[in-house]
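Right, one structure below, let's go through it.
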Amino acid sequence: LTLLPSRLSCATMGGTLALPAGQGPHPVGCTDVMVGHTQQGLFFRLFYPCEPRTGAEQPLWIPRREYCSGLGAAAQGAQRWLTPLASIALGSCRVPVSWNGPFRPCSSGYPLIIFSHGLGTFRTLYSSICLELASWGFVVASLEHRDHSACTTYLCRAEAGQEQWIPYQQVPPGQKEFYFRKQQVHQRAEECVRALQLFWDLSRGKAVPNVLQQDFDLSVLQGSIDVSKAAAMGHSFGGVTALLALVKEPSFRCAVALDAWMFPLENSLYPEVLSPVLFINSEQFQTPESVAKMERLSSRNSQTKIITILGSVHQSHTDFTFLTGRLLGRILSARGTLDPYKCLQITSRAALAFLQRHLDLEEDFSRWDELLEGVGDSLVPGAPCSRSRL
């Protein structure tokens, strides 16, 4: 559900922490893409295999100071005082990728992942999992949603230099949360569908202007992305967004849901989730009601899998877990007892095995198939329930 990203510190008694580099065979580049001048446009960070480049610039993890203020606004109560700490401690953290690095062409086409963030976050806060998947040969578009569920986001008006910021919005007083979140999740899923359509346009040679005018020509992607091999993926609110994207767009062949918050999806839509889903849950978040909804899907589709990573917490799927020290991370619920590098390894390898199976990839990710059955260290099948504190 709500991530509490202002509960952070990049400093620890052991020194400064950082995000892990990708473990796959490809160097990873990234760029930001904004399409259109209205709220119906798109904004995402693109991670992709790139050519190696010595001394490449690495982008800031928090790209603009407005996001620090947004983190505080999205946080609850007393956590707001930590916003200045987040700005100071995390302002210099960088993502270990090549900013606007030269794209590595692929004649057979890279598979595509559209990634949806959790409540109160934004496009860069899942950089560790996104760049990890890109290092194994995926193109990953990490959306920044404009439904007021990001801690903040913005668009660029057609008038030169004019920005319009879209702040985080709490549930309005007197309105039931389900109806508010249901409207948001539908908008989010539609943004995922529009992102997929954008890559279809690129693959057909259509010019897609990037409003941000980055030093990266999107036309280089033509012929190098296999849009017929597309998956939706997300965390928490983004996890259920990925499920709804399957309903709205059958071209998404499967979904990976990291600790999905199932609450906003109306019951009538569950029979329409026909494609397989991999649910990767933390040990300390899911409720019996949420798990029952996952099991409703797995009972109708034998290819839908539910696994739980022991020793993990809700934020173990985010970058926060790498940017807090062990003690502080435990106090602030940003870390579980499981080493965050081990958690990322389990998550990424299970996702890769699942994606190979359902995107018909010619890779050797099937060596990790046992993870999909919950077999392995710190892993169990199904979903033990605990009452969420969020």
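Each Cβ is built from the backbone N, Cα and C atoms, and glycine gets one as well.
For Ser236, the entry in TrEMBL reads active site, nucleophile.
Per TrEMBL, active site, charge relay system is recorded for Asp259 (among others).
Feature annotation from TrEMBL assigns active site, charge relay system to His314 (among others).
Counting Cβ atoms from all protein chains shown, Ser236 (active site, nucleophile) has 28 others lying within 10 Å of its own Cβ. For Asp259 (active site, charge relay system), the same-chain residues that are 6 or more apart in sequence and have a Cβ closer than 8 Å to its Cβ are His235, Ser236, Gly239, Ile280, Asn281, Ser282, Phe285, Gln286, His314, His317.
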